[in-house]
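What TrEMBL annotates here:
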type	residues	note
BINDING	LEU55, THR56, PHE83, PRO84, SER85, ASP86, ASP168, HIS171, TYR193, TRP223, ASN251	pyridoxal 5'-phosphate binding site
MOD_RES	LYS194	N6-(pyridoxal phosphate)lysine
Amino acid sequence: MREALLIELEDWAKLGVEAHFRGRHPWMPYHNEVREGLASLVGALPSEVVAMNSLTANLHLLMVSFYRPTPARPAILIEAGAFPSDRYLVESQIRFHGYDPATDLIELEPDEAGGTISLAAIERVLGEHGHRIALVLWPGVQYRTGQAFELEEIVRLARAQGCNVGFDLAHGAGNLALQLHDSGCDFAAWCHYKYCNAGPGAVAGAFVHEQHAQAELPRFAGWWGHDPSTRFRMGPHFQPTPGADGWQLSNPPILALAPLRVSLELFAEAGMDRLRAKSERLTGFLEQQVRTRLAETLEILTPAEPARRGCQLSLRVAGGRARGRALFEHLEHIGIVGDWREPDVIRISPVPLYNTFEDIARFVLAVEAWRG
């Protein structure tokens, strides 16, 4: 990644604006260099994906097109305990359209041990409220519990009630073997600074299903979403590029795309199916070690079935929040990097691209030593 960034800095220094056309990776079509990798990563057609903006910005832009509330159908369905940015997003969208989150934001509470949500619960809430729901906005993986969802089944249940469907894949992209095109969802968005290793504040990704490629949907427009064949004629009327590119606003940030390009090359070399297979073995080993050696110390909140989780295990420490923070800070002090989520969850995620079984063994030994 260092080399990729240096190439762009050198071309900028030597070529200036001409690097848009004469650079080693010309800037004008640079976002096309990540298209195939993105499509492979999330199971999409190349025309269905684009790298742009940030995650919440992309969800706002896509909801302009796919959250079209009416007095009879104003509501949005999300999971209770959604990531705060998603909740701010949907609440602000509902208010923007003149509706009331108190009545038109439906939050589905967990119905399973550990705070997870069954498909049956999703089916029940859609059966009860589906006639009022304009949009189902659902995570691929719930950030706190680590639960992964059957995206195609959620689309099927939502479609039966006439709802549009979008997915926030912040914890799914680069973690699960996704098949967005086959799921039939309307849109999705994700970030690249987690499992995709594209750096802090990395440019995000967006998906729009090909069924909407030529549709005259309402959207916020910008010149980089205009058909490239006529973009530089500088005409007054917006002509959207077919596919996900038509939701772009401005030219892409090259210094943010360069690390993403390299990361996607690594994913292509490793193969998402092979990474997922290794991930299941790694997380399975972590689960087995926690259950057999650390059961008195750690409670696993994440589902046990491999199909219902990614690489993450969400762990609650016996003894309450203070004890949980103490363990988390101890692990951090000795170089074992997990993640703390309030009020009392430690997320441990053995990532198949670079973590090993030895890393998991070190974690287990560290917890045992701390406990003693």
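Glycine is treated like the rest: Cβ placed from N, Cα and C.
Features per TrEMBL, on structure.
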residue	record	DSSP (3 states)
LEU55	pyridoxal 5'-phosphate binding site	helix
PHE83	pyridoxal 5'-phosphate binding site	coil
ASP168	pyridoxal 5'-phosphate binding site	strand
TYR193	pyridoxal 5'-phosphate binding site	coil
ASN251	pyridoxal 5'-phosphate binding site	coil
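Comparing PHE83 (pyridoxal 5'-phosphate binding site) with the residue listed as 'N6-(pyridoxal phosphate)lysine', their Cα atoms are 15 Å apart once rounded. In this view, the residue listed as 'N6-(pyridoxal phosphate)lysine' is surrounded by 19 other Cβ atoms within 10 Å of its Cβ, with every protein chain counted. Max Cα-Cα distance over the annotated pyridoxal 5'-phosphate binders (LEU55, THR56, PHE83, PRO84, SER85, ASP86, ASP168, HIS171, TYR193, TRP223, ASN251) is 31 Å. Here the residue listed as 'N6-(pyridoxal phosphate)lysine' is positioned 13 angstrom away from ASP168 (pyridoxal 5'-phosphate binding site), judged by their C-alpha atoms. When other Cβ atoms within 10 Å of the Cβ of TYR193 (pyridoxal 5'-phosphate binding site) are tallied across all protein chains shown, the result is 19.
Annotation for ASN251 (pyridoxal 5'-phosphate binding site): same-chain Cβ neighbours under 8 Å, separated by at least 6 residues, are TRP27, TRP224.
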